[in-house]
Ligand code: GUN
């Protein structure tokens with residue numbers, strides 16, 4: 001029987017741990033965790049994501065601050081806001097929602113966030129810590145951190161002897177995911193669009209992680225029987241069967257056929273997606289513990 005991972009349930013248990021750590025940090029150290037979320041412009045999808053993040057931060061008991069800036073915000077104005085949030089002792093985590101409007105350069109903004117407040121894990125200091133296997137000192141970007149929670153649930157902390165294949169080599173996901181699997185002792189292959197015979201490479205994987213951004217690209221005959229398949233893709237495709245003009249979300253793997261071969265599989269939606277916000281909350285409470293000189297919880 002294939003196990004379908006319930007990402008919502010796993011995310012809910014992470015959120016419960018965050019809430020309890022938030023309460024104990026407040027009662028033991030008198031510190032309330034604070035998360036600032038910054039959004040620039042009018043992109044409706046970004047506004048929906050940011051509202052969900054701010055709402056979840058409140059639910060966790062954080063001081064939750066949202067800065068909504070107009071489309072015409074200048075680079076200097078945005079940099080000044082990040083500077084103020086860096087200096088604000090009530091704020092432990094800063095997230096600048098991407099993408100920024102075209103006239104703004106995101107890289108200098110992201111790199112200007114203090115690494116200890118970079119709860120997105122996008123600062124080069126945090127990326128470098130993940131790359132060097134220093135997982136205790138930095139902040140790990142949320143989606144790979146969430147995917148690793150699933151991997152640990154299934155396989156435990158030590159992946160010695162297991163082959164892992166990550167399809168995708170982005171800085172945001174593929175590279176940190178490969179580094180986290182390697183740090184857990186897996187034998188890791190980072191595959192991508194230039195990989196020769198990708199299906200054969202994938203068939204070697206005990207843990208297959210798909211992050212290519214192409215709807216249902218991974219087929220059943222790419223999957224080793226019994227393998228764990230983590231699908232990170234979120235692709236909106238036409239769904240005429242639901243009515244004219246309707247769409248639906250699908251992953252990077254053809255779920256139905258892959259589920260017949262895999263031992264464990266994550267669905268889309270409801271798999272990795274809910275974990276991303278949960279891990280953002282986890283990073284914020286970790287950052288707040290560190291700032292208070294307390295041992296942060298593990299997720
Ligand atoms: N836009 C889409 N996903 C993300 C994310 O994880 N972090 C930020 N900052 N922006 C995003």
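Placed from the backbone N, Cα and C atoms, the Cβ positions cover glycine too.
Per TrEMBL, the features are as follows:
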type	residues	note
DOMAIN	5-120	domain 'Tetrahydrofolate dehydrogenase/cyclohydrolase catalytic'
DOMAIN	141-291	domain 'Tetrahydrofolate dehydrogenase/cyclohydrolase NAD(P)-binding'
BINDING	168, 169, 170, 234	NADP(+) binding site
So, by DSSP, how many helix, strand and coil residues make up the domain 'Tetrahydrofolate dehydrogenase/cyclohydrolase catalytic' (5-120)? 62 helix, 19 strand, 35 coil
Express in Å, rounded to the nearest integer, the largest CA to CA distance found among the NADP(+)-binding residues 168, 169, 170, 234 named in the record. 16
All chains considered, the count of other Cβ atoms within 10 Å of the Cβ of residue 170 (NADP(+) binding site) is 13
In DSSP terms, helix, strand or coil for residue 170 (NADP(+) binding site)? coil
